[in-house]
Amino acid sequence: MAVSERRGLGRGSPVEWGQRLLLLLLLGGCSGRIHRLVLTGEKRADIPLNSFGFYTNGSLEVELSLLRLGLQEKEEKSLLVGFSLSRVQSGSSQSYSTRDFHDCPFQKNSSNFLVLFLINTKDLQVQVRQYGEQKKLLISPGLLPEVPSEPELPKPGPMVTPKVDSGTITVNKAKSQPAVSQGAGRKDKELVLGLGHLNNSYNFSFHVVIGSRAEEGQYNLNFHNCNNSVPGKEHPFDITVMIREKNPEGFLSAAEIPLFKLYMVMSACFLAAGIFWVSVLCRNTYNVFKIHWLMAALAFTKSISLLFHSINYYFINSQGHPIEGLAVMHYITHLLKGALLFITIALIGSGWAFVKYVLSDKEKKIFGIVIPLQVLANVAYIVIESREEGASDYGLWKEILFLVDLICCGAILFPVVWSIRHLQEASGTDGKVAVNLAKLKLFRHYYVMVICYVYFTRIIAILLRVAVPFQWQWLYQLLVEGSTLAFFVLTGYKFQPAGDNPYLQLPQEDEEDVQMEQVMTDSGFREGLSKVNKTASSRELL
């Protein structure tokens, strides 16, 4: 069982708690950079807690307020339990965490970008082991002064100071800050922290400061219980941990700092595109269909969603938490935008409102699949964003979101393919060769556009995020939003309400006469006859 709590949710009446429960489901990723994770009955051996990009003078604070192992005293003495702080190497998505989960990091380690916090329940101490370049990190016990301690949480026990005596390290308990000492012949510096013990539970805290540019990077914090590495021999345990990250410029990770300006600029771009599109519709009222106004609603919804997203990032960076009302509005518009996007793409691909007003049975089935899947995808998105990364069901919902989004992207291609096939068959049977060939060419272009949009926003963007350094990972969002804007603009250009648009052309009277004449001539019915002007023949009859 996992419980994720966000800073800023206080006490109140039942009505207020109902509102806060709704906010807990809607708020995601915008709830500040103070995380509190509560896990009960947990059996996983490795728990990913958080990932954050630090600049110089950035800080990480961790407070383990409760760790209840649920084992006999003799079994607890030989446990391998603790935290690991690893830096992701540039150009890779993970660091040492790609190892086999059956390997315990406290027993075997080959990473040069790793810090281990090994909890020793026998001596009530926490051994800090720094490897490679991570030896330069500034690690100290306790939390930073500006962070108030929560009164309901147990306080860590007395600090443990390593003391050098004749080349060996002995442990003495003291309340002062522990000094870092190095025994004779040791290559690695080892810091020892105090471990509190209260009511059959353990607690301690520490903070890390990025001291120089050499230590800057993306860091992953994980919790390990190596006794649960063997399947079938897991022992449930309870853990409560608070994590707080901060950069010199604010509470945002290095890759998130530019997102405020990025989303603000993209919101203005989508707003300008929507206004221009409405002006085009107002100038061509005769050829405007319902789908055109749906496209305008999509552009404005996207703009408003990005605006709220940008404002939320601003308040997170400055205050550590968003304005709750604005965050709720962002997720409401985000849900509407996601539904409108896939519905609009599918309707344009099926030709609805342009050349027909009734969907076929196959197209209705596609909408019956895409709309519920979009609801499921949005629910998965909210669940992911409202839970901490270490929650038990976080990985499951993340996989559901990826799978459902992939299915939706594939499903919206079927109406376009069916329209292309229908135009190919109709081009040689109904006599409208020129018009159908023009429509066929346009649908093929639209098919390529949809493929490129899905490819750039789902594949290329992810590869870019993995390849670039940690401080440039915001280019992932830039590529996604830029590709979306380009797709909107090209779609509007291709299907604009213009008289010369082959997709919107209706058969005219002269065109029908030419087509009928071609059919009658080919059949031999009008052999030996000549064409007579309609107006002249009418006057003769009068």
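Cβ coordinates come from backbone N, Cα and C, glycine included.
TrEMBL: automatically predicted annotations, no manual curation.
Annotated in TrEMBL:
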type: DOMAIN; residues: 258-502; note: domain 'GOST seven transmembrane'
type: TRANSMEM; residues: 262-281; note: transmembrane segment
type: TRANSMEM; residues: 293-315; note: transmembrane segment
type: TRANSMEM; residues: 335-359; note: transmembrane segment
type: TRANSMEM; residues: 366-384; note: transmembrane segment
type: TRANSMEM; residues: 396-418; note: transmembrane segment
type: TRANSMEM; residues: 446-468; note: transmembrane segment
type: TRANSMEM; residues: 474-493; note: transmembrane segment
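The stretches the transmembrane segment (474-493) and the transmembrane segment (396-418) are not in mutual contact, being linked by fewer than three Cβ pairs under 8 Å (pairs 6 or more apart in sequence). The transmembrane segment (446-468) makes no contact with the transmembrane segment (293-315), as judged by fewer than three Cβ pairs under 8 Å among residues 6 or more apart in sequence. Among the listed stretches 262-281, 293-315, 335-359, 396-418, the one sharing the most Cβ pairs under 8 Å with the transmembrane segment (366-384) is 396-418. Long-range contacts of the transmembrane segment (262-281) within the same chain: residues 288, 292-293, 295-296, 299-300, 302-304, 306-307, 309-310, 313, 474, 477-478, 481-482, 485, 488-489, 492, 496-497, each at least 6 residues beyond the stretch ends and with a Cβ under 8 Å from a Cβ of the stretch.
A Cβ distance under 8 Å defines the sequence-distant neighbours of the transmembrane segment (293-315), meaning residues of its chain 6+ beyond its ends; these are 30, 252, 256, 259-264, 266-268, 270-271, 273-274, 277-278, 281, 321-323, 326-327, 329-330, 333-334, 336-337, 340-341, 343-344, 347, 481, 484, 488, 491-492, 495.
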